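As annotated by TrEMBL, active site, proton acceptor applies to A:Asp155. Look at TrEMBL and you will find A:Gln31, A:Glu106, A:Asp137, A:Gly138, A:Pro162 tagged as S-methyl-5'-thioadenosine binding site. The spermidine binding site annotation in TrEMBL covers A:His62, A:Asp86, A:Asp155, A:Ser156, A:Thr157, A:Asp158. Annotation comment: TrEMBL describes A:2-237 as domain 'PABS'.
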Protein chains: 2
Amino acid sequence: MDLWYTESHTDHVRFSLQVKEHLFTGESAFQKLDILDTYEYGKLMTLDGLVMVTEKDEFVYHDMIVHVSMAVNPDIKNVLVIGGGDGGTVRELMKYPNIVHVDMVEIDKLVVDAARKYFPAVSCEVDNPRVTVLYEDGIKFIKGKEAVYDLILIDSTDPIGPGEGLFTTEFYSDCYAALTENGILINQNETPVYEKFFEVGISSNKKLKKMFPSVHVYQANIPTYPGGYWLFNFASKKYHPINDLKEDQWNGLNIKTKYYNTDLHKGCFALPNYVKEKIEHGTF
Amino acid sequence: MDLWYTESHTDHVRFSLQVKEHLFTGESAFQKLDILDTYEYGKLMTLDGLVMVTEKDEFVYHDMIVHVSMAVNPDIKNVLVIGGGDGGTVRELMKYPNIVHVDMVEIDKLVVDAARKYFPAVSCEVDNPRVTVLYEDGIKFIKGKEAVYDLILIDSTDPIGPGEGLFTTEFYSDCYAALTENGILINQNETPVYEKFFEVGISSNKKLKKMFPSVHVYQANIPTYPGGYWLFNFASKKYHPINDLKEDQWNGLNIKTKYYNTDLHKGCFALPNYVKEKIEHGTF
């Protein structure tokens, strides 16, 4: 059988992967989840039909959502992950012996269960004693928390469905309060290649800038995401992402990474003009 | 009519764009050429069914094949472009008043003719008096030339069909001889995302390293190319691409670019570990 999975990146752009086997389909109260075994990218998880994780390129996203902040403040002790049910973000965090505790607040238990079964190399650290997995709504979870986390990673889906409330000023404001004075917040911030995604990214960046004194955008090449090109926000109460990079300290940790390194750290904040100017001035 | 163009990035990965109109199809002695008008990327040129240029994202490739070398040596006077029939590379070169002359050696007149008609904003400088367009085989053209060009840009297709001879040691050796002592050579060097492309890129890089004392790989995000992620080789007899960057001088030229800037110049050489280590050591 010639079986293909297709994601529509826009109404006019499609990305398709040939499938060996449709391994699982399920639906939670929040979303539809499918696991496919593909020829080129290995196993793949979709939520509501959109690629979340593939075995072949998940390392890019997980390296970049975690290590950039950790190399700015390798002394981070308490971390909150919002979303991240596949476990990849937690796996990277567990490489730091200094981290005392991670709360992973994933609204959808189905994502964690499916990752445990089909992505053991991604979910391998969710049972680490330093990790607490809470099946709760991150928006409600964070309300009222004050200065408890050194790092918040918003490892969310796009702002459609359960991810929607994770792109609001109210939520960012709650995150700000929940962060310590050294606090850093990172969120995935969509692709600049297609307008509908970039508008979300620009809006998220603007909202964060109203709260945090230091907000900077960085980039990574994620082949299975729309445009193959993804942005993240780095928002901090105190740190500049490059001037405060602890290059020697991070390299001294000897953490094995497949994408991230401290030269790339400095490079990933250097955005193309069309991205930089649209983020800074709203036009290009 | 619901019309879609599809490129197979590998046997198992397809990228598809919805088409408003199939504007042109033609065949030369060298290849098949089609022009499509797409909804998302505007007009698109394919050679043998593979995307070469789209109106929406051509600026990335053309900025990155030209400005990196020019910012290292803004005094470049004589340039050879091999391929580049769409004219985008020449358009960027013509932004430098210091450049005295460009030879553009394109084997296939059909590419230039089609670009003139369908991509006026790309081909707009091919008739500049500082440019000579030669419809010749670049491999033969370069033979026997000695120290005549300060810069050679290999703006080729993949090494299948007419592009094949542009990835050989013999050709690079002829380029080396044709370069002045300040000479820089840039070639497009495929994507690291898919093995069949990356093998070509690694091989090209190795061949150049046997000749040039300074060979460095840099990267760009080109959404319509396989993996959305493309590499280039910077090879020079003399210059280091970052240590010798003439940042102030280049910025003083006030050249308008949509992708390139001198911060990005420094950033684009910082490769992910999986790319860097495979290029340097052959494995990851």
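Residue numbering: from 1, along the chain as shown.
Quick reminder: no glycine exception, Cβ is built from N, Cα and C everywhere.
Less than 8 angstroms from the CB of A:Gly138 (S-methyl-5'-thioadenosine binding site) sit A:Ile82, A:Gly83, A:Val105, A:Ile107, A:Ile154, A:Leu166, each of them six or more residues away in the same chain. Of all residue pairs in A:His62, A:Asp86, A:Asp155, A:Ser156, A:Thr157, A:Asp158, the annotated binders of spermidine, the farthest apart have Cα atoms separated by 16 Å.
A:Asp86 (spermidine binding site) has a Cβ environment of 27 other Cβ atoms inside 10 Å. Around A:His62 (spermidine binding site), a 10 Å sphere centred on its CB holds 26 further CB atoms from the protein chains shown. Looking only at the recorded positions A:Gln31, A:Asp137, A:Asp155, A:Pro162, the one with its C-alpha closest to A:Asp86 (spermidine binding site) is A:Asp155. A simple way to gauge crowding: the CB of A:Asp137 (S-methyl-5'-thioadenosine binding site) has 18 other CB atoms within 10 angstroms, across all the protein chains here.
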